[in-house]
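*Asks:* TrEMBL feature annotations, pasted as is:
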type	residues	note
TRANSMEM	A:9-30	transmembrane segment
DOMAIN	A:95-305	domain 'ABC transmembrane type-1'
TRANSMEM	A:101-122	transmembrane segment
TRANSMEM	A:143-162	transmembrane segment
TRANSMEM	A:182-201	transmembrane segment
TRANSMEM	A:236-262	transmembrane segment
TRANSMEM	A:282-304	transmembrane segment
Amino acid sequence: MAPYLLRRFAFLLVSLVLASVVLFVLLRMLPGDPANALTSVGASPEQIAAARHSIGSDRPLPEQFTHWIGQLATGDLGTSFVSSLPVGPEVGSRLNVTVPLTLAAFLLAVLIAVPAGFVAAYKRHTWYGALLSGASQLGIAVPVFWLGMILVAVFALNAGWLPAGGFPPDGWDQPGEAVRSLVLPVVTIALVMSASLIRYVRSATLDVLGSDYLRTARALGSSFGRAMWRHGLRNASVPVVSVLGIELASTLLGAVVVESVYALPGLGSMLATGIAQHDYPVIQGVLFVSTLAVLLIGFAADLVQRIIDPRLRGRLSGGAP
Amino acid sequence: MTQTLRTSSEAPQAAPAKRRGRRSATLITGCVLSGLIFLLALVSLVWTPYASDDTSGGRLTGPGAGHLLGTDKLGRDLFTQLMTGSRIAVEAGLGSVLIAAVAGVTLGVLAAFAQGWLDDTLSAFLDILIAFPTLLLAMLIVAARSATLGSAVLAIGLAQSAVVARVVRILVKRVLAQDYITAARTSGTSWPWIVAGHVLPNIWPTLVVNLALQFGLAVLAEAGLSYLGLGAPPPNASWGRMLQEAQATFTTAPAGALAPGVLLVLLVIGVNLVADGLRDTLDPATRRRRS
């Protein structure tokens with residue numbers, strides 16, 4: 001396991017460096033001058049040049065890149081062009097919204113999808129098994145923002161049980177309010193996520209149910225529950241874990257739409273503002289932190305898969321099914 | 001790997017005729033649902049009840065005689081908006097899938113032929129690209145160009161080509177390991193002929209199913225982008241933009257906030273059902289499993 005860990009970690013580092021290069025180059029291909037955001041309309045060429053100089057965008061690209069990487073190495077994400085505030089603490093405070101939102105939605109989605117997917121496979125010839133499969137078909141076709149709109153209309157505007165959007169100004173210092181404002185966003189993401197997860201769990205369970213080893217275990221006298229527990233669970237969880245990793249990563253980054261529906265001050269809305277204002281340090285900072293998170297999640301998912309499935313141990317990266 | 005583990009869990013003698021009937025029912029339902037939206041999009045090319053910029057109706061009138069579904073907050077006919085929206089959705093789906101198919105198949109075939117470190121690098125690159133959500137990549141590309149339908153389609157298509165490329169890579173690798181490829185090589189067939197004559201004919205059923213699924217995802221992604229204001233600009237009534245505009249008046253004028261969503265769901269479910277139906281019909285490997 002140790003040599004594998006080393007190799008996998010090297011792979012993670014290389015991916016991170018590659019991703020930062022791509023990120024940096026892609027951003028510099030954006031049209032528009034960030035200095036425009038700093039100067040008023042009709043600023044003189046000297047003022048614009050001064051603005052460029054103050055944010056360093058007049059320096060050659062390789063120099064800007066090494067400067068950025070050097071900052072990153074010391075844990076500094078840079079300073080926003082627009083607000084002149086450091087990006088790091090801002091990202092940190094946004095993570096206070098996005099991380100609880102993502103993790104809670106992810107846990108809820110797993111809690112819904114694993115039993116539902118199992119029942120959808122095991123009881124596929126009953127009406128409720130078919131209903132679950134149908135519900136997941138419906139769920140993957142529903143746009144997440146529309147589901148959010150409907151939940152707001154029903155539970156916030158009509159029933160008035162929960163806030164329609166926003167986050168308390170004091171954040172987690174008002175824990176009750178903070179939790180209440182995250183309930184609907186969490187449910188929105190979890191429902192959409194579980195819809196696609198159910199399909200994976202169902203298909204993995206179907207594979208196990210039709211497998212020879214399960215039949216052999218039953219023939220040797222194991223009860224169905226015991227055979228599933230000892231042989232089925234481990235086999236079914238391999239493809240599901242790999243999908244879980246991808247789902248968690250894409251929820252973390254894809255929360256931007258849901259944050260927009262519920263006007264939450266999360267990482268996604270910070271990114272959207274950064275893109276609109278051509279605020280390179282903000283965009284770079286948010287995307288770098290998210291990429292790091294995505295890579296770490298992938299790392300964890302690969303490790304878990306290898307612990308579950310010894311057959312994967314010759315391979316560098318466990319892929320999705 | 002998963003393919004080889006699958007065994008015939010359901011015995012083939014269990015009324016195959018009946019099951020084939022249910023399968024084509026999936027395909028037919030899917031064709032009817034998505035066909036309705038495609039028809040709406042086609043008709044909107046030549047006829048809509050009102051001009052799309054006609055604001056003569058009263059603002060936010062409910063469904064009634066003059067306007068089938070009522071009007072939006074600017075007095076435009078909702079049904080007209082829905083029809084032009086269906087055209088944008090279909091265009092977004094077809095355009096993205098076309099880009100994803102061309103770029104994805106090319107990349108996937110190249111990656112499948114690559115050996116050693118080049119293969120590892122390409123797969124790792126595709127993995128990272130796939131972990132990046134479509135929407136985020138699309139936001140970056142749309143910001144780099146401008147918010148038009150073309151930008152959105154390009155962005156979605158490129159993001160999806162990574163997914164298609166990975167699927168194609170695995171499929172092509174599986175084909176290349178077959179004995180008939182060795183036989184073709186031995187008899188002197190060149191690689192381009194092998195790809196055209198053996199590889200593509202063998203992978204297209206799975207590829208078509210995958211592309212149909214990508215069509216639905218592209219429609220959803222375009223709606224998400226226009227909801228964020230990053231899709232087709234204002235005079236065009238994209239369903240995502242319509243929903244965003246109707247959000248504030250959900251309780252007073254629910255038709256505008258519900259109808260575009262319903263059509264979106266119908267279209268995506270439709271193409272997903274078509275994909276399921278096609279998979280069962282085209283791919284012999286899946287014929288004997290799944291209910």
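A Cβ is built for glycine as well, from the same backbone N, Cα and C atoms used for every other residue.
All TrEMBL annotations are machine predictions without curation.
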*Asks:* May I ask you to check whether the transmembrane segment (A:143-162) and the transmembrane segment (A:236-262) make contact, with contact taken as at least three Cβ pairs under 8 Å and only pairs 6 or more apart in sequence counted?
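*Replies:* Yes, the stretches contact each other.
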*Asks:* Do any residues of this chain, six or more beyond the ends of the transmembrane segment (A:9-30), have a C-beta under 8 angstroms from a C-beta of it, and if so which?
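*Replies:* Cβ under 8 Å, 6 or more out: 61, 64-65, 68-69, 72, 278, 280, 283-284, 287-288, 291-292, 295-296, 298-299, 316-317.
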*Asks:* Quick test of the contact rule: Cβ under 8 Å, at least six residues beyond the ends. What residues does that give for the transmembrane segment (A:236-262)?
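*Replies:* Residues packing against the transmembrane segment (A:236-262) from afar: 97-99, 101-102, 105-106, 109-110, 114, 144-145, 148-149, 152, 164-166, 181, 184-185, 188-189, 193, 196-197, 200-201, 203-205, 207-208, 268-269, 271-272, 290, 293-294, 297-298, 300-302, 304-305, 308-309, 312, 318-321.
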